[in-house]
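Listed in TrEMBL:
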type	residues	note
TRANSMEM	7-24	transmembrane segment
TRANSMEM	92-113	transmembrane segment
TRANSMEM	120-141	transmembrane segment
TRANSMEM	153-175	transmembrane segment
TRANSMEM	210-233	transmembrane segment
TRANSMEM	245-266	transmembrane segment
TRANSMEM	272-293	transmembrane segment
TRANSMEM	305-326	transmembrane segment
Amino acid sequence: MDKKRLFFIGGVFVTAIIAAFSYLLAKLPYLSVVGQLVIAIMIGMLLKTLISVPISLNSGISFSNKRLLKMGIILLGAKLNIVDIYEGGWFLSLSTLTNILIAFVAVIFFAKLLKVDKTLSLLTACGTAICGAAAVVAIAVQIKAQDEKTATSIAVVALLGTFFTILYTSLFPLLPLSKTEYGLFAGGTLHEIAHVIAASIPFGQEAVEAALIAKLSRVLMLVPIAFIVGLFFNKNKEISHCTTITFPWFIIGFLIMSILNTFGLFTEETKSYLQTIAYLLISMAMGALGLQVRIETLIKKGKSAFFACLFGSLVLSIAGFFIVFWTH
């Protein structure tokens with residue numbers, strides 16, 4: 001075996017080790033709310049900051065970052081059942097679109113006030129509005145975002161998502177919402193699926209089911225939004241120097257997998273298996289992403305994005321609460 005191939009395998013192996021550690025750490029009580037994907041990127045950044053990763057491993061690391069990421073996103077579609085979302089009725093569809101629009105506009109607005117980089121503000125807005133890290137990386141592929149900006153956005157969204165998860169669980173006894181209504185509120189406004197589960201599971205299965213349906217309805221919107229963002233972003237030469245528009249085949253793959261699941265072609269065991277593989281692949285990609293970003297860079301470039309996301313998330317939470325409260 002030649003050295004080039006050996007180094008390639010070595011780079012992929014490093015990201016696999018990071019993914020394995022992130023999986024184990026995510027099982028711990030206080031880290032489960034953060035989620036496997038975010039832990040993977042933080043491990044990668046920690047390694048990048050503390051040790052010098054050999055340049056020879058870059059080809060394998062890049063493969064994990066780009067190719068395995070897309071494969072993982074495709075497999076995530078196996079979790080989505082379109083019928084469940086359809087049965088949620090007009091309220092779920094309308095509230096989902098409203099929440100996404102409010103979050104997106106609010107984060108972009110505050111990001112502009114705080115003079116956040118346009119690419120970073122777009123990634124953070126999509127992560128807040130749709131489904132956290134998965135949305136950030138999907139949009140990042142479409143607009144060919146720099147790794148540092150992608151990692152910064154993921155870290156900001158994850159940190160604030162965790163904060164709001166703790167806030168929601170603390171406030172539930174004070175909120176004039178039933179368990180189902182609270183689930184719809186949490187699923188409609190929290191950032192990651194891990195956040196949604198963590199915020200709803202203390203209040204029973206009724207809250208969890210409502211929260212997941214609301215959240216998955218937002219995840220479904222990743223398909224059209226990723227395509228539209230890629231189309232318009234890459235047409236704007238002031239923001240991107242791309243001359244061609246990348247068609248999001250991996251997003252189409254995500255949709256196909258969700259359709260197959262909707263028709264009942266996957267058993268529960270198969271879906272669980274596919275989800276495990278999906279998170280493994282995306283964790284490898286997140287680890288690879290972290291290996292290209294130093295923690296000091298994240299702190300330096302992430303301050304303004306953090307506050308833009310904080311204010312935008314507050315607006316989303318308040319709006320999401322009143323949408324559920326007034327319509328139930």
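Including glycine, each Cβ sits where the backbone N, Cα and C put it.
Automatic prediction, not curation, is the source of TrEMBL annotations.
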Result, the transmembrane segment (7-24) in contact with the transmembrane segment (92-113) (3+ CB pairs under 8 Å): no
Beyond the flanks of the transmembrane segment (210-233) by 6 or more, those residues with Cβ under 8 Å of it: 79-82, 84-85, 88, 92-93, 95-97, 99-100, 122, 126, 129-131, 134-135, 138-139, 142-143, 179-184, 186-188, 190, 193, 196-197, 199-200, 239-240, 245-246, 248, 251-252, 254-255, 258
Closest-packing stretch to the transmembrane segment (272-293), where packing means Cβ pairs under 8 Å, from 7-24, 153-175, 245-266, 305-326: 7-24
Surrounding residues of the transmembrane segment (7-24) on its own chain - C-beta under 8 Å, 6+ positions past either end: 36-37, 39-40, 43-44, 47, 53-54, 56-65, 68, 279-280, 283-288, 290-291
Beyond the flanks of the transmembrane segment (245-266) by at least 6 residues, Cβ under 8 Å: 70-71, 73-83, 138, 141-142, 144, 220, 222-223, 226-227, 230-231, 234-235, 274
For the transmembrane segment (153-175), distant same-chain residues with Cβ under 8 A (at least six beyond the ends): 33-35, 37-38, 41-42, 120, 123-124, 127-128, 132-133, 136-137, 140, 182, 185-186, 189-192, 195, 198-199, 202-203, 286, 289, 298, 302, 305-306, 309-310, 313, 317, 321
